[in-house]
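Here is the structure we will look at.
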Amino acid sequence: MKQSITLGKVTKFMGLGFLSTLKDLFTGKLGKEDFKNFLRKAVVPLASILLFIGLWHAGAKALYNREANFKIEKALTDQGETAAEAMRACIASGDVSCKPNTLPSPGQVWDSYKSLLRDHNIISADKAAFIQKTAALNAKRIAAGKAAITYTGRPSFIDQIIMSLKTVFAGFLLALVIAIPLGIFIGLSPTLKSAFNWFIQIFKPVSPVVWYLLVFMIVKTILIDSNDDSSFIISFISVGLCSMWATLVNTAMGVSSVDKDYINVAKVLKLGPFQKVFKVILPSSLPLIFTGLKITLSVAWMVLIAIELLAQSPGLGLFVWEEFQNGANDSNSKIIVAMFVIGIIGFLLDRIMLTIQNAVSFDKNEGI
Amino acid sequence: MAYLELNNINKTYGESDSATQVLSNINLSIEEGEFVAIVGFTGSGKTTLVNLINGLLEPTSGEVLFKGEPVSGTSHERGVIFQNYSLLPWLTVGQNILMAVKEAFPKKSKVELNEIVADYVEMVSLTPAINKRPKELSGGMRQRVAVARALAMKPEMIIMDEPLGALDALTRGNLQDEILNIWGKDKRTALLITNDVDEGLYMADRIIPLKPGPKATLGPEFRIDIERPRDKTELNDNPSYKKTRNAIIEYLMDIGNARKSEAKAEIILPDLTPKDFVNQF
């Protein structure tokens with residue numbers, strides 16, 4: 001019997017069950033029980049989102065007024081009545097020069113989001129034009145054995161998101177390549193376990209900032225001859241080293257705690273050591289390994305921002321830091337946009353990993 | 001010389017002080033082609049005995065001889081059907097069996113191996129389920145897969161550790177017949193460990209009770225001289241069956257009672273009262 005794959009199953013599998021409830025609402029397939037369910041799963045979250053935005057709006061307004069009043073008071077005490085009047089008029093007109101700098105309102109954040117997208121379109125167009133303009137020249141340069149001229153304009157917000165994702169995936173792959181084999185060896189051999197245990201216990205709680213500094217010391221010296229920008233290399237290695245611990249520990253635990261029944265099967269069938277690892281031990285510890293990988297990916301995404309900021313790697317972390325340093329009138333709202341983008345991408349990454357994890361998992365007692 | 005011989009087997013778990021002797025002075029010999037059942041209470045050390053014979057455990061003292069050679073480690077010559085099926089949940093029925101067959105016949109081609117798998121799946125009538133995973137099967141079907149996996153390796157001896165213990169009575173009866181059928185075809189030597197006297201009586205040539213542990217040891221053997229194939233309904237009227245059954249049950253009850261009276265031995269508690277018991281209130 002072949003199981004059909006429906007939208008409902010897929011969304012449920014990904015932990016996005018509320019989507020299918022929404023679909024049922026629009027196609028009119030809801031019963032009375034379902035309606036209660038719908039209230040709980042779709043209306044309540046929606047209401048809480050609206051409440052959140054409302055509170056945010058009110059809070060932002062209160063902060064704005066406090067900041068504005070402070071500015072007017074200051075003008076009054078420092079420069080007198082006329083300056084205070086001028087300041088009040090200036091603030092009321094919404095002029096950039098005297099705008100109170102505080103928590104932006106939801107509306108401002110939305111505007112900044114749109115302006116960042118516009119900015120991206122402009123930069124993309126500029127980039128395309130540049131590539132077209134230099135195409136002929138670059139062809140000649142390459143033919144002459146010289147390096148092609150590349151676009152060196154500033155990256156757009158979208159470019160920075162892509163850069164961050166690249167860094168995180170490179171770091172994640174590094175963590176995977178180090179942690180899984182090492183975890184398997186540690187899990188298989190009690191000797192290796194005692195050899196590595198202190199190492200894991202000591203380095204696991206080290207902060208991302210310290211990892212960055214350590215990697216920086218080493219990579220800087222190794223790449224001393226190179227003129228290329230090493231910030232990407234440094235940041236992805238730091239991200240990988242920071243986040244690999246969950247996978248390492250989970251893999252070792254999964255491998256060392258394989259059900260005794262499976263080990264007995266392997267013995268009775270007389271599987272060789274290689275076969276035993278690949279056909280019995282690894283498949284049975286896959287669920288735990290994937291739990292580890294899921295934690296690793298979310299940790300990687302979390303530490304990425306701090307590390308990019310330190311490494312000056314052109315991703316979201318650097319974007320946030322530059323906007324903060326920049327202090328333009330829409331900087332604050334751009335930071336909030338970045339915050340939401342970081343949160344949403346983190347959520348999506350987590351869901352992707354959960355989907356893969358569900359696909360490889362099996363109930364521990366299924367074969368027994 | 002017997003086909004399988006256990007001489008003065010002792011098995012102790014743990015070290016010196018905390019050691020518990022599970023099996024003590026076990027002697028057993030099984031002839032080629034014989035079907036022997038060992039009946040015992042749960043927790044009497046049956047699984048330990050099985051693991052000593054199939055090579056998963058080593059005896060603390062004494063020796064296990066298989067065809068005159070001492071047993072060291074597991075062997076494809078002795079197929080095992082585990083108590084809890086022990087199928088690998090990430091493999092399908094076919095893959096579970098294929099893994100065993102591949103190990104048993106490393107020189108055969110892929111086509112031949114698949115043929116063997118198909119034959120044995122057919123034998124336990126699971127062909128429609130060959131591509132299913134264990135979780136999609138019922139308990140009886142899972143055990144049939146385990147039977148097929150053990151037999152597909154063409155072992156010279158089948159060791160069954162309470163293979164039907166977790167199944168309901170009807171499935172149990174059917175599987176008993178299936179196992180007997182398969183065993184009857186080429187009369188391999190078989191050792192069945194069970195807690196069900198009737199199961200032993202129906203299937204085996206000889207029944208040996210295992211006195212419960214710690215220090216479990218084998219009791220006197222009971223021969224079952226009933227012609228095969230046996231018919232379950234007719235068995236009840238067979239005088240020899242009744243006699244053997246009563247004898248075995250009586251023997252087991254006696255052991256059980258003896259064990260109870262031993263446990264009744266009075267333990268004198270020391271006369272203690274908490275030091276500051278009164279002051280607390």
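A Cβ is built for glycine as well, from the same backbone N, Cα and C atoms used for every other residue.
What TrEMBL says about this one:
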DOMAIN    A:161-353  domain 'ABC transmembrane type-1'
TRANSMEM  A:42-64  transmembrane segment
TRANSMEM  A:167-186  transmembrane segment
TRANSMEM  A:198-219  transmembrane segment
TRANSMEM  A:231-253  transmembrane segment
TRANSMEM  A:300-321  transmembrane segment
TRANSMEM  A:333-354  transmembrane segment
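With Cβ pairs under 8 Å as the measure, the transmembrane segment (A:198-219) is packed most heavily against A:231-253, out of A:42-64, A:167-186, A:231-253, A:300-321. Same-chain neighbours of the transmembrane segment (A:300-321): 155, 157, 159-161, 163-164, 167-168, 171-172, 175, 208-209, 211-212, 216, 231-232, 234-235, 238-240, 242-243, 334-335, 338-339, 341-342, 345-346, 349, counting only residues six or more beyond its ends whose CB sits under 8 Å from a CB of the stretch. Counting only same-chain residues 6+ beyond the ends of the transmembrane segment (A:231-253), those with a CB under 8 A from a CB of the stretch are 163, 166-168, 170-176, 178-180, 182-184, 186-187, 193, 200, 203-204, 206, 208, 211-212, 214-216, 219-220, 223, 285, 288-289, 291-293, 295-297, 299-300, 303-304, 307-308, 311-315.
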